[in-house]
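Below is one structure; the comments refer to it alone.
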Amino acid sequence: MPLVFIGPMAAGKSKIGRRVARGLGVPFIDTDQRIVAQHGPIEQIFTRDGEERFRQIEREVVADALREQAVVSLGGGAVLDVDTQAELAGASVVYVTVSAAAVAERLAGTDRPLVAGDGVAAWERIFTARRPIYERLATLTIDSSRTPMMRLVDHVVAWHKEEQR
Ligand SMILES: Nc1ncnc2c1ncn2[C@@H]1O[C@H](COP(=O)(O)OP(=O)(O)O)[C@@H](O)[C@H]1O
Ligand SMILES: O=C(O)C1=C[C@@H](OP(=O)(O)O)[C@@H](O)[C@H](O)C1
Ligand SMILES: [Mg+2]
């Protein structure tokens with residue numbers, strides 16, 4: 001069963017997940033990277049085919065990734081899929097949260113299509129709608145707003161090792 005990172009856009013799922021995988025000595029999968037490798041840039045999928053198509057592709061990539069023995073970082077909206085929700089129930093799920101204040105500068109110049117229009121306002125709206133899902137699925141919650149990335153990484157690695165004993 002993989003160790004999975006969930007949470008809102010720009011919380012740090014991809015960056016923290018990659019370093020946790022290195023710390024644990026297991027493979028790392030970023031589902032957005034796989035989507036891009038197979039279908040091209042995410043903005044392009046959104047504008048050319050629409051969000052619904054993106055979610056279909058995402059679901060296929062996520063389903064494959066969750067069968068692997070790896071650390072898996074999902075895109076922020078992947079948990080909207082009910083099959084993904086079912087697969088994550090009972091898994092090791094790290095929820096990375098972040099404040100709107102801290103995320104503001106991380107969104108500057110972002111290519112994430114869902115926040116391309118009105119930045120932090122859109123980010124907050126989307127996060128508020130999804131927060132109950134993140135909270136329900138989480139087995140560990142970390143906040144990246146003020147804590148240096150490597151401290152979070154060390155914490156998750158130690159937690160996971162303890163959990164597996
Ligand atoms: N403490 C922190 N933990 C994780 N990421 C951070 C932190 N502080 C700043 N960042 C920055 O946040 C940005 C978003 O990270 P990313 O991993 O792409 O997020 P996500 O995959 O959740 O969308 C990166 O530019 C990263 O360097
Ligand atoms: O929250 C979302 O719906 C999305 C989050 C993005 O991933 P990150 O959470 O890694 O930024 C990416 O999958 C896509 O832009 C849609
Ligand atoms: Mg990411």
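Yeah, the Cβs are placed from backbone N, Cα and C, and that goes for glycine too.
For the ATP site, TrEMBL lists Ala10, Ala11, Gly12, Lys13, Ser14, Lys15; matching the candidates Arg112, Arg125, Arg130 against that entry yields Arg112. Together with Asp32, Arg55, Arg130, the substrate site in TrEMBL holds one more listed residue from Gly17, Gly76, Gly109, which is Gly76. Separation of the C-alpha atoms of Arg112 (ATP binding site) and Gly76 (substrate binding site): 11 Å, rounded to the nearest whole number. A separation of roughly 8 Å, to the nearest angstrom, links the Cα atoms of Ala10 (ATP binding site) and Gly76 (substrate binding site). With respect to Gly12 (ATP binding site), the closest of these binding-site residues in Cα terms is Gly76, chosen from Asp32, Arg55, Gly76, Arg130.
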